[in-house]
Every structure is written in structure tokens, then in C-alpha cells.
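Contents: one structure, followed by commentary.
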């Protein structure tokens, strides 16, 4: 963040400072700081918050904030107030840490027991290799053949010893306040920018949730194992990005990030749809109210390109029970001359057990869609095609692939490769049952086609094969719809 005299940021900062330095004395007093915090936070601030801000900003300890101190304060990675694109912004560390605390509190009783704490810490330690024979740091040295260090103090000590330190009132359980202060201390030392923490901490919490979800499974197949491995990999990357001690621009974290790569995560994810979600009713409503097809002028039946996705959850409420589901319908009509006409998309929200066309649906849909990884977009199309049941047939799958191609999710070559792989599997099964012996080439092809058409697959099975064919890279988000 540049603060040179000629930079726009510097000018903006000076304007803000002068606004709160009402007497032109070159300082902001405690009273004016309280007013500033209240205005930026949009709520009343506590004495504890005011004291914290003074400790952050008042470097010479004279009880007031001078202009140079104000500039430095806004540049601090963990500062309570920062400069944003629209002016001053309030950084709510409590809201960032709460999702992580809720995962540590596995039984939801409002407290983290020693057993719960050790369980979560151990998972994070194992993800970093701190409990394995070859640590992540040793992996780095082996990979690059030279010295390199990174430090994640929060995970380097024995989990039981850390629990005792965090449990300040010695109640043998950790309150949210104790957990928050522990995290604050670690994050201040790490110097991770607050803008990154607002995304990274909730994302880390989601990865931990997914690990526990897998622990509930009695059996895991090969695809499940790959999903779990990706979750563990992401945990390691998030731990390094959040808690590694940094000098300047993450100098100490760079070696480890060079080994692990930048953690990729997506803000929208899958959850089970609400009871009553029905695409047949939605299609019927669209045809009755929106379709403008003139009778006798179409060559084939109308094709409704339908995608149904969960709304992007934001803020403190991340409960799937409160999610709104969104739909986009594009009517495609094949004319007698062979031309295909695509109508403008229409958008709906599923609210109070019914589909409703709303003004906000289009914005909500595209915001939620853009936040979904490609594999989740395909899974959403699969689920919508089978009306959220457990299986879909071969013609339905072909329709989904065609929609995926039109949406840019898969290529024509990938579609062909998938079909050829399924044909080989069906052929092999028929040969093993000796059902192709004595048939001509034409009869063999017909037999294979008949069996393909009769085939039904789970959407999860389709995604697993897509992974096996390396069309999609398995990510931790798969845990939300594969298990």
C-alpha cells in the first residue's frame, strides 16, 4: 500500500484523517477514535476494542494517534481498521474465527473440551507432516536441494500443552473468548493480511468439517480416498498461508508455498436440497407462463436447458437449512429447417416450497454460479436432469453432456472419451457373460447400444469416472456431494 505524497491512497488517507481531526491539531483523540470506530463498524464498540485499537496505533504511547501512526495503523496486516476501496473498513476477527471454533466444538455445547481440541490439532499437524516421519520442511529440502524454512508455531507444540495454555481460567474447557485471544496472538505474529483471513479461516473450517464427515463413513472407495487426500493437502496449504510467520511479503512462507502451491478453494459448495424441490413443477410453470413457441413450427420437442444450484452462503449464517435454491431455464427450440433458437434465460428462486420468478434471482444465480468449481456445475446439471433422484439413464446423461459443452464445462473430446469408456465397459461385461458370441458386427453394436440405453448411473458414479479419466481434478469440495 503506497502512501507517497502524490498517490491517490495517500490523499484519501489524509482526507479521512482530517475528517476525524476536527480541531486540526494533527492528532485523533480517544473520543474521536471511539466515534470513528463506531461509524466504521456500524455498531457500538466496547472499551476493550478501543483499548486494542489504541495499542495497535499509538506506537509512542502518548494516548493519541498522530498522522504517521494513523497511516501505519491502516497498513497493519491485522489492524482492526484498514483502508478499503470505498474508504475505511472494520475487520471483525471474531466473525472470521467463529467458524473455526464451531468445528473445534464438535458436540456443539459451546465449549471446546481437551479431547475435541487435541482431535482438531492432530488433524492439522498430520496434514503438515509434523507427526509423520518426513516433515513438510524436509520435503521442501529434498525437492529443491537447499535450505528453506517456514514456521507454523500454532501447530509445532504438543496439542495437550497448547490446550493448557489456551485454557486460561483452568476450567478444562476453552471458551470462544479464550480461543479468540489465542488466535489473535498467533495471527498478529503471522502478519497475515486481514483481507486474506476473511476468506482463509472459514475455508479452513470447511476443510476440517469435511475430514470429520469422512470419518463417519464405514467404507471408502478409490475416489473417496483421493478426495480425502485433497482435503488433507488443502489443510496443509491453509495452515501455511494462515499461521506461518512472515517477514515482509511472506518471505519465510514462500519456500513452503513453493512446495505446496497456492491453496485453491471455492466459496460456493454443495448441500442437500430441501424437501419438495421438484424440477418437473418448475418446467411445467415455465411452459405455462414463459414459453412462446408457436404450434406447428417446431421440428422436435422443446428442450429446456435447466440448471438448479444452491445460493452462495455469505455472512454468519452458513446453515444449509436456510439456503435458497436458484434455477436458470433456457428454452431451445429446433425449427423445421434445422436451426436451433435459444430464448433468453429465465431465473427462479425456490422459496416456501414453490418456484418463483423474482427480480433478484438473476443476480443471485450468476453470483452463486461463478463461485462454483466446474465439477460442481456438472454435478448440479446431473442432479437437475434426474430431478434430484439417485439415478439417471443413458439418454439423460447424454443431454447433460450436451449442456455441459454449451456451458463450457467439458469439451466434445471429453464427451466422446467418456462414451467410449462406457462402451468398452459394457462390451467387456457382455463378453464375460458370453452374450456376444456368434453375433455379427451389426448385431454386436446393436446389443451394446441396447445395454447402454438400459444403463442407469448415480451422478456420483459419473463424477468418479470423470475423475478416473482425469477430466476433473478431484478437489476437497467433492466431499460435499460424493459422500
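Every residue gets a Cβ built from N, Cα and C, even glycine.
The residues of the domain 'EF-hand' (8-43), classed with DSSP into helix (H, G, I), strand (E, B) and coil, number 25 helix, 2 strand, 9 coil. Marked as domain 'EF-hand' by TrEMBL: 8-43 (among others).
Mean pLDDT across the domain 'EF-hand' (45-80) comes to 82 in this model. For 45-80 (among others), the entry in TrEMBL reads domain 'EF-hand'.
Cβ atoms under 8 Å from those of the domain 'EF-hand' (92-127) belong to residues 41, 78, 80, 155, 159-160, 162-163, 166, 172-176, 179-180, 183-184, 187, 194, 197-198, 201-202, 204-206, 208-209, 211-212, 232-233, 235-236, 239, 316, 318 of the same chain, restricted to positions at least 6 beyond its ends. Residues annotated as domain 'EF-hand' in TrEMBL: 92-127 (among others).
TrEMBL lists 154-189 (among others) with the feature domain 'EF-hand'. Taking DSSP states H, G and I as helix and E and B as strand, the domain 'EF-hand' (154-189) has 25 helix, 2 strand, 9 coil.
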